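What Swiss-Prot annotates here:
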- 7-24: compositional bias 'Basic and acidic residues' (COMPBIAS)
- 60-69: compositional bias 'Polar residues' (COMPBIAS)
- 74-83: compositional bias 'Basic and acidic residues' (COMPBIAS)
- 90-113: compositional bias 'Basic and acidic residues' (COMPBIAS)
- 114-139: compositional bias 'Acidic residues' (COMPBIAS)
- 144-157: compositional bias 'Basic and acidic residues' (COMPBIAS)
- 158-168: compositional bias 'Low complexity' (COMPBIAS)
- 200-211: compositional bias 'Low complexity' (COMPBIAS)
- 214-224: compositional bias 'Basic residues' (COMPBIAS)
- 1-37: region 'Disordered' (REGION)
- 52-224: region 'Disordered' (REGION)
Amino acid sequence: MSTNHRPQLESKRGKVIKIKDTIQHARGLPQQTSIKYRQDIKNEKTINKFDDLQKHDNNKITSLESISPPTKKLKIESTKEITTEPLNQEIDKQSKLSLKNDDQSDIQPNEKSESDEEDSKDEEDDESSDDDDSDDDDTALLLKEIENIRREKEKQNSDSTNNSINNSLTLQTHDSSTKKKSWRSSTTFNNKSKKESTNDRNNNYTTDTLNSQHHQKFMSKYIR
């Protein structure tokens, strides 16, 4: 990357510059014009700054507290009319009603309990007989299913053994009859080379020009 877009520093231009530019580089400017005091050591300036900040925060809090949320108008409900009857009469009426209800509730459960017990006994007897019959049927069905599963497993095992025997026999016959040919025999270049080799024995063809038949004939005819 090039840095031609950046202004050149004075250290590269030299000490004496005849034409001064208005451009000032950030590195040439003063970096810090004010003194920074340590905050962990208490000085007059740091204490005054802290007090000012604390006062400012307190003023904000008080201003926020002074602002009250908008109040809703409450509707005043009309007062109910006060009854003139004394409280003692009402209490007596309630106690009498409760006693009557208790007496009726004690009589009715006793009659119901006897009838419920008889009905429950009859229902239990019927349910027990039905459960026994259903259990017998379930056991018979389970035994049948178990027998069917066993038969299926035996068939699968016999089929697998037969298949393995047949496969082994077929492999033996294939090995004895024919052997696998290599992939090289099916290639075109291999077949061509064999054909050419048989022809070369008869023609004595060579790529060497000195040992070729044509060259030897030429030499014997015109030179020797």
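Backbone N, Cα and C atoms are what each Cβ position is placed from, and that goes for glycine too.
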Sort the residues of the compositional bias 'Basic residues' (214-224) into helix, strand and coil with DSSP and give the three counts.
10 helix, 0 strand, 1 coil
Go ahead and report the DSSP secondary structure tallies for the compositional bias 'Basic and acidic residues' (144-157): helix first, then strand, then coil.
14 helix, 0 strand, 0 coil
How many helix, strand and coil residues does the compositional bias 'Low complexity' (158-168) contain under DSSP?
11 helix, 0 strand, 0 coil
How does the compositional bias 'Polar residues' (60-69) divide up by DSSP, counting helix, then strand, then coil residues?
7 helix, 0 strand, 3 coil
